[in-house]
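Step one of this worksheet: look at the structure below.
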Amino acid sequence: MSPRFEANLDWACAQDAADPLRAFRDEFLIPPHEGRDSVYFCGNSLGLQPRAVREAVNAELDYWGELGVEGHFKGRLPWMDYHEFVRDDLAAIVGALPSEVVAMNTLGVNLHLMMVSFYRPTKERPAILIEAGAFPTDRYAVESQIRFHGLDPATALIELEADEPNGLISTAAIERALTEHGARIALVMLPGVQYRNGQAFDLKAITELAHRHGCVVGFDLAHAVGNLPLQLHDSDADFAIWCSYKYLNSGPGAVGGAFVHERHAKAVLPRFAGWWGHDKTTRFQMGPEFVPTPGADGWQLSNPPILALVPLRVSLEIFRRAGMPRLRAKSLQLTGYLEWLVQTQLADVLEVVTPSQPGRRGAQLSIRVIGGRERGRALFEYLMEHGIIGDWREPDVIRISPAPLYNRFADCLAFAEAVRDWAGEGQ
Ligand SMILES: *Cc1c(COP(=O)(O)O)cnc(C)c1O
């Protein structure tokens with residue numbers, strides 16, 4: 001059997017030259033390191049800036065300067081309906097109907113807004129199910145919502161423990177938890193991709209199980225959007241939320257997003273309301289009674305931050321041209337190559353924590369440094385000093401995420417060679 005991958009620069013460069021998506025890299029600003037491109041593997045934390053963003057932001061600044069308030073109605077893309085200019089691309093990326101998605105706020109805010117509508121605890125059903133080791137915001141948000149309803153997180157917050165090594169959770173474990181606690185659970189709130197270990201969850205299977213037990217289902221897609229092809233509508237999830245500064249490359253603190261399934265489009269759900277969520281056709285009659293716009297738009301509070309929506313629009317246009325299926329095909333190869341390098345060249349130094357089945361992960365590999373925290377930190381700092389940018393998760397994990405829009409096979413090889421050099425220096 002001939003190996004699928006090779007650990008040499010000729011092979012890696014040949015793959016990059018044959019990559020149908022290779023030109024997209026040139027559309028991004030790659031942070032420099034000592035006069036050369038750094039090897040940037042941190043798109044799971046902050047995606048890179050598309051070159052076209054600067055001009056597009058400047059164009060809106062010009063409209064503001066030239067048009068003042070008239071910019072709401074004039075200009076190439078009038079501000080009044082600006083969030084609608086990202087709607088179709090956003091819907092395509094998460095596999096939703098356009099009316100099911102909205103770009104607004106940030107992830108944490110959207111999570112709270114969604115829980116106001118979709119976490120409606122009763123005496124019989126007070127609980128929320130999340131994964132153990134959830135991202136702090138998610139845990140803080142659900143815990144504070146539980147307290148807001150006058151309930152006690154000690155009984156109303158159920159944290160699903162891992163049943164596989166490295167904090168991984170099988171669908172069978174979720175099924176067992178639902179069998180045991182399902183009748184008490186109001187809301188199942190799980191990630192699309194777990195931020196720490198990189199595990200991807202089967203949204204459709206989870207939704208089906210949870211609905212069977214009468215629970216509402218929401219997903220946090222912070223690490224899934226722009227990373228995995230999603231079919232949110234078909235998953236039947238009730239709601240989802242995400243941020244746009246990770247794989248979606250929309251800039252620090254970018255405008256986040258929310259999905260509300262079509263079946264709730266016209267439901268009279270309790271919500272925290274604002275004028276931008278009011279029925280578009282009568283919003284400017286400025287009446288005292290709130291009538292929500294049908295669909296996800298009805299959860300908007302404020303008129304949107306136009307300057308912050310510009311990078312999202314530019315970025316989504318890049319995703320539209322690249323296409324999630326092609327990006328995922330390349331991502332499987334790139335991450336597969338990185339995993340192969342770790343397993344065949346670096347097994348004495350590193351071990352992959354993320355599931356080995358490609359269907360159970362996205363771009364990111366969480367990689368444990370063998371030998372404990374100090375050794376791990378030393379390697380991490382060595383990599384950063386050598387222009388190889390990943391991120392660190394206590395106590396001993398480096399997250400490396402090859403993003404198919406701008407990373408190359410040669411980047412994966414550069415990572416492996418740097419680790420080899422460090423280990424060769426007698427570490
Ligand atoms: C990145 C991330 C967040 C960040 O939330 P913000 O409100 O955008 O600061 C929250 N939850 C998860 C799971 C994340 O990965």
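Including glycine, each Cβ sits where the backbone N, Cα and C put it.
Not measured: the values here are computed from a predicted model.
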For the pyridoxal 5'-phosphate site that TrEMBL gives with Leu107, Phe135, Pro136, Thr137, Asp138, Asp220, His223, Tyr245, Trp275, which of Asn166, Asn303 also belongs there? Asn303
Cα of Leu107 (pyridoxal 5'-phosphate binding site) to Cα of Lys246 (N6-(pyridoxal phosphate)lysine), in Å and rounded, measures 12
In Å, how long is the longest CA to CA span across Leu107, Phe135, Pro136, Thr137, Asp138, Asp220, His223, Tyr245, Trp275, Asn303, which the record gives as the pyridoxal 5'-phosphate binders? 31
Measuring Cα to Cα, how many Å separate His223 (pyridoxal 5'-phosphate binding site) from Lys246 (N6-(pyridoxal phosphate)lysine)? 7
